[in-house]
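A.B. asks: Got a structure here, written out as structure tokens. Questions coming.
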Amino acid sequence: MGAPAASLLLLLLLFACCWAPGGANLSQDDSQPWTSDETVVAGGTVVLKCQVKDHEDSSLQWSNPAQQTLYFGEKRALRDNRIQLVTSTPHELSISISNVALADEGEYTCSIFTMPVRTAKSLVTVLGIPQKPIITGYKSSLREKDTATLNCQSSGSKPAARLTWRKGDQELHGEPTRIQEDPNGKTFTVSSSVTFQVTREDDGASIVCSVNHESLKGADRSTSQRIEVLYTPTAMIRPDPPHPREGQKLLLHCEGRGNPVPQQYLWEKEGSVPPLKMTQESALIFPFLNKSDSGTYGCTATSNMGSYKAYYTLNVNDPSPVPSSSSTYHAIIGGIVAFIVFLLLIMLIFLGHYLIRHKGTYLTHEAKGSDDAPDADTAIINAEGGQSGGDDKKEYFI
């Protein structure tokens, strides 16, 4: 049993040595070139890069899927102005192909002519750009609650694109995208349909079909179809002024909405047999409101889609106690006048107080300026003495 166990252990050691990273490095071929696969949008530019670690004094070469040599080192081999040299060194050969077409798709080969010849493949994938989608199926305006079916189609995509629907910001769930190969055998035509019931809110809405494809790189490519929906009218009555009072002029506006817009309006008052005649377009006019005008009024708005009747209850209030504008102006003017009079009174009071305080000085100066100045001085002294000396009054002549 010892010999078989030893043999098994030896085999495991050999297997580990062969698959160890060190063993892999020992078997690496430094003269083997390497490349990478590339994806390019039709009409774009692709760069093919080939590199080698040990060139063994040999040049790198690029050839197309038809095995036509494009570049050998820095030397152009195929006369195609779309193909240009990017880098040429002993360790790298890079070329670019501009204005790439679907026919350029395939495997490109990088070769190095050592012994033996070594090659590396680069798969170039060309994306076909989908055309702007086309919406069909909408012929004329729809009636409310009708069912609409729209079709969308886009061709030229590779790989096949995907179509989505939306109405405004709302996503519509259409049928799965149908795929059909184009006659060129390389691109595809995709189509989808959507069916939905229309409402009055859909009037004027845009139904959008968008194509999603990696070649667009997030750019929007869509088509919209605006739809028109016919629906029965609605109406509401708006009073002007909002709170009518007795003696005022009142207009009751009947505001109709619909598609088409109502063109005929008929006014009635409950309890009154004949239709009301005092109208202006869609408004009912009351030149001078009376209490007898109170009641419930109806407005019937009519279009070729039907009719709608709105009601309004009118309660005529007593005349407004609010003063007229002229009375308001008079009150303002009266207030200004009263304020001015008040200021004048204040000024007169201050002026009188000032004159009383300075009356003695004024009389003294006036007396000194007259011919009886000595007598005036005597009088002043007597007056001062009378205040300080009690009942004894003496005269002094200056």
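Glycine too: its Cβ is placed from the backbone N, Cα and C atoms.
Among the features that Swiss-Prot reports, domain 'Ig-like V-type' is placed at 25-126. As annotated by Swiss-Prot, domain 'Ig-like C2-type 1' applies to 130-228. Marked as domain 'Ig-like C2-type 2' by Swiss-Prot: 233-315. Residues or ranges marked as N-linked glycosylation site by Swiss-Prot on the basis of experimental evidence: ASN290. Among the features that Swiss-Prot reports, phosphoserine is placed at SER388. If you look up Swiss-Prot, you'll see 367-398 marked as region 'Disordered'. Residues or ranges marked as signal peptide in Swiss-Prot: 1-24. Per Swiss-Prot, site 'Not glycosylated' is recorded for ASN25, and the stated evidence type is experimental evidence. The topological domain 'Extracellular' annotation in Swiss-Prot covers 25-330. If you look up Swiss-Prot, you'll see 352-398 marked as topological domain 'Cytoplasmic'. Here Swiss-Prot flags 331-351 as transmembrane segment.
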A.B. asks: Return the average pLDDT for the domain 'Ig-like C2-type 1' (130-228) as a whole number.
C.D. replies: 96
A.B. asks: Name, in the order they occur in the sequence, the residues of the same chain whose CB lies under 8 A from the CB of the residue listed as 'N-linked glycosylation site' and which sit 6 or more residues away.
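C.D. replies: GLU246, VAL316 - these are the non-local Cβ neighbours of the residue listed as 'N-linked glycosylation site', listed in sequence order.
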A.B. asks: In the domain 'Ig-like C2-type 1' (130-228), how many residues does DSSP assign to helix, to strand and to coil?
C.D. replies: 6 helix, 52 strand, 41 coil
A.B. asks: Within the domain 'Ig-like C2-type 2' (233-315), count helix residues (DSSP H, G, I), strand residues (E, B) and coil residues, in that order.
C.D. replies: 3 helix, 49 strand, 31 coil
